[in-house]
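Undergrad: The following block contains the structure, expressed as structure tokens.
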Ligand SMILES: NC(=O)N[C@@H](CC(=O)O)C(=O)O
Ligand SMILES: [Zn+2]
């Protein structure tokens, strides 16, 4: 199928007619192309998420690769990296290949499995990183996300091991001894509410340790969901020294604060916890100046019984795929080059996903892209989301930016704001 995106603006530039044929951007008009009226629409390279929880295998009641893929495509994504904290854990070639195959079958986004660093995420014994790397799933990112690789010797070994195949360790930075029993950010609000706090230093101490380890062994480190101003400063210094470290922030940490815990609605319970307004300001600045490379969703679907209960019993995590771009647009405004870099180009580079995050002005670029209507706003209705779960913190909010269409290798996965296959 060939397409003509008529009058589309690539990253905010003057409108052009963009032809797609045989999976790539065509340099010349194509006869018989299906016309998509793209007047007023912005074309971005397809978004790439380096941090998605798809819950399959094991918790298909919360999400499946298929439902998560639908949510991703509707959110403008063409590739997502699926975290390893499934059941069974994605710590063998067999499990990562299964997830990869399920992604192919759904066919809506490229699902790139992340492999666990340690067996069962238990933090004791290194998983078969090499077997996962050489499997059909071609794993390059390894993470025990949900848990921190707390043992410094194991972290060092893992960093050294993945160097051979240009892999990267994505660390969930949380010193477990400092967060025992933690329910929310440690600060004024936690004191007032009488909830056990998760101090900023529990994140900052691990990031400081890990950038030193990465520097020592010359390996690539990626820091998941950075949430504090102090973490930004540690990263800034490490990058200035030339340490091979990249970092992500979530849309919710760029917008929401710990004050939201005061209503005890567990939809706002997340790991790392929502922080203070000054942390939010520092994280925004870090995205602007590039100390934070990537906005990643940390899409964390949870079933109703795991979320709609008392705060202390609720699982941490929030949905993200269908609201990420609108939230980022509401935070930064129409800075399309910035958005394309932090949500597509940089994450594709970190994950090694060739063909994503490409230059849409170049003929021959794989046609992985999304069309956004920046003038349209919409109200978030949890029941209307494609995710199998409902735990969005944005219910009832009016957000700017509607995702109109998404193309994966030239095939429409979303048209008119609906899944197209
Ligand atoms: N972010 C969360 O609060 N939860 C994630 C795990 C994680 O990213 O730490 C989950 O798997 O639910
Ligand atoms: Zn995490």
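Note: Cβ is positioned from N, Cα and C throughout, glycine not excepted.
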Undergrad: Suppose a student reads TrEMBL and sees 51, 53, 145 listed for Zn(2+) 1. Which of 293, 298, 306 should they find annotated at that same site?
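TA: Within the candidate list, TrEMBL flags 298.
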Undergrad: TrEMBL has 145, 172 binding Zn(2+) 2. Which one of 222, 225, 252, 253 is in the same site?
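TA: So, going by the record in TrEMBL, that would be 225.
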Undergrad: Do any of the recorded positions 55, 298, 317 touch ligand 1, in the sense that the CB is under 6 Å from one of its atoms?
TA: 298, 317
Undergrad: Cβ atoms within 10 Å, counted per site: which of 85, 271 has the most, among these binding-site residues?
TA: 85
Undergrad: Using the recorded Zn(2+) 2 site (145, 172, 225) as reference, state which further residues of the same chain have their Cβ within 8 Å of the centre of those residues' Cβ atoms, listed in sequence order.
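TA: So the extra residues in range turn out to be 51, 83, 143, 146, 170, 171, 173, 174, 224, 271, 272, 298.
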Undergrad: Which binding-site residues from the set 54, 55, 145, 172 have a C-beta atom lying less than 6 Å away from ligand 2?
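TA: Passing the 6 Å Cβ check against ligand 2: 145, 172.
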Undergrad: For the binding-site residues listed here, 51, 172, 225, which shows the highest count of neighbouring CB atoms within 10 A?
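TA: Counting every other Cβ within 10 Å of each candidate, the maximum falls on 51.
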